[in-house]
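> One structure, as C-alpha cells, below. Some questions next.
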Amino acid sequence: MATTLNPSEISDLIKTRIEAVKLSAESRNEGSVTSVSDGIVRIFGLADVMQGEMIELPNNTFALALNLERDSVGAVVLGDYESLREGDVAKTTGRILEVPVGPELLGRVVNALGEPIDGKGPLGATQTAPVERVAPGVIWRKSVDQPVQTGYKSVDAMIPIGRGQRELVIGDRQTGKTALAIDAVINQKGTGIKCVYVAIGQKASTVANIVRKLEENGALAHTVVVAATASESAAMQYISPYAGCTMGEYFMDRGEDALIVYDDLSKQAVAYRQISLLLKRPPGREAYPGDVFYLHSRLLERAARVSEEYVEKFTNGAVTGKTGSLTALPIIETQAGDVSAFVPTNVISITDGQIFLETDLFNAGIRPAVNAGISVSRVGGAAQTKIIKKLSGGIRISLAQYRELAAFAQFASDLDEATRKQLERGQRVTELMKQKQYAPMSIANQALSIYAVNEGYLDDVPVNKLLAFEEGLHAHFANTQGELVSKINSTGGWDNDIEASFKKGIEEFKTTGSW
C-alpha cells in the first residue's frame, strides 16, 4: 500500500530543517599555490596580504610573505615544504610571526619559532611577542654608563662594554670569537643579567657542545639558546636573530638587563641572500640584496638602554624607577682578515665598537687573540668600573709602545736601557693579557694583575713564570684579604687604602717565592 504524504507536513519539516541550520558569514582571503621550490612558494590570488604576514598553508604549515607583486605573492616557508603541492589553498591570517617570551625560556634550547628542541617538555610560556619590532626612539634611550664584565682582562681593561651597547666581535674562523662570547655569558652568573645565545648556521654538534659547557659552568639557568643549525632552512636562519632579540627585549622592557650574542650574522646575511635570490630580487654588491644593511641595522638598533619612563610606560606603572637594557654582541666572520668586505663594513658602521681577533696572535698563543691596536669601544669607557678605569690606562700605552719598538728592535742590534725596559714591560703586559677559556676573572683579580704589571712588580719575574705568579697572587689575596676582594668586586671602587693594601700584599707574596 502506497504511503501518502501531506504537503503541509513536508513544508513544515523543510522549514524546521532550514531554521536549524546555523550559517555564519566569514570573509576569507584565499589564494592558490602556483609553484613550490627551494622553500619558496608563489601564491596567486591573495589580494589583501600584508608584508611580513603569516600565510596559512595545508598540514599546519606557515609561510612568511616577503614579495608582494602585481598578481602573485612570494613567500618563504617556515619549516618543511616537502608536502606542499601546486594548487594547494593558501589563506591570509592577519597576524605577523610571534614567538614565546618570558622567564620560562631560561635554561631552554628552542628553534627560531620558539619551539623547544631540548627534549625537556613544553615551555609553559604564557606570553608571545612579534619577532619584528620598531627599536626604542631617541627620547626613550639613556646613555650607557653601567658595565658588562666579560671576565677577560684584555677586553674589560682596553675595550670595555656597557649595558645597552652593541660591540662587534670580528675575526677569521678559528680565532676564538665564540669562546669570547660564551665566556662573557658564563661571567654573568650571579649578576642578574639574563642572556640569549643565538646560533645561526652552526653544526648541531657545536651547539650541543656549547649548551653542555654552559650547563657545566652553571650558566644555562640564566640563558636562552636559540638554535637555527646548518641543517635548517635559510628562512629559519634568517628569522632566528629577530626571534632571539624579541626574547631578550622581554627583560629590557621590564627594567631588567639582558645580553644577546648573535653567532654569527655573516651566516644570517648569506641565508637572506639565498632567500632574496630565490625570490628573484635584484642582486647588488657580492650578490647581496640592496637592503642587507637594513637587515642588520633594524636588528642591532633594538639593543639599547631604555629610561625609567619607558619601563614605567611599558609596564603600565607596575615597574618604576628602573632602567632596562639589551646589550648585543654580534659576531662576524671575515675571510683572510678582510674587514673591508661588504657585510663586515656594514656591521662595523652600525655597532658602537669592535673587538678584532687576529689569526696570527691566536697561532702565537696569545688568547684571547685581541688586536688592541684596531679594537675599540666607542661608548664603553663611561661604563667602566672606577678601579679598572684608573688602572687600565697604562696597559694600552704599554702595548702601543711595545708594538712600535718591537718592529724597530728587529733591525737594531744595540738598544739603550730605556728602550729595553719598555720592550720587557710590553712583553709582560702581552703575556699577562693571556687567559684560559671558561675561566672568567673577577674585577678584583683583574685590578690586582693590572696594578702589579703597571707598578713594575713583575719586571723581575721571568716571562714564562708570569701566569703562575698571577695565579698564586690571586690565591694569596683570596686567603689573606678576602674582605677587600669582596668589597672591590661589589663596589668597583678605588682609593689610597686599596692601593696601600695592593702594594703590601704584592710585596708580601713576592717574598714567599711560592710561584
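Cβ coordinates are placed from backbone N, Cα and C, and glycine is handled just like the others.
Sharing the record's features from Swiss-Prot:
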type: BINDING; residues: GLY171, ASP172, ARG173, GLN174, THR175, GLY176, LYS177, THR178; note: ATP binding site
type: SITE; residues: SER375; note: site 'Required for activity'
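For each feature listed, report its degree of burial, its nearest neighbours and the pertinent distances within the displayed model.
DSSP gives ARG173 (ATP binding site) a coil state; it is part of no helix or strand. Here ARG173 (ATP binding site) comes close to GLU333: these same-chain residues lie at least six apart in sequence, with C-beta atoms under 8 angstroms from its C-beta.
Taking a C-beta cut-off of under 8 angstroms and a sequence separation of 6 or more, SER375 (site 'Required for activity') has the following same-chain neighbours: MET158, ILE159, GLY353, GLN354, ILE355, PHE356.
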> To which of the binding-site residues GLY171, GLY176 does the lowest count of other Cβ atoms within 10 Å belong?
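It is GLY176 that, of the binding-site residues GLY171, GLY176, has the fewest other Cβ atoms within 10 Å.
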> According to DSSP, collapsed to three classes, what secondary structure does SER375 (site 'Required for activity') have?
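Note: SER375 (site 'Required for activity') is coil by DSSP, not helix or strand.
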> Quick one: which residues besides GLY171, ASP172, ARG173, GLN174, THR175, GLY176, LYS177, THR178 have a Cβ within 8 Å of the ATP site's Cβ centroid, in sequence order?
GLU333, LEU357, THR359, PHE362, ALA369
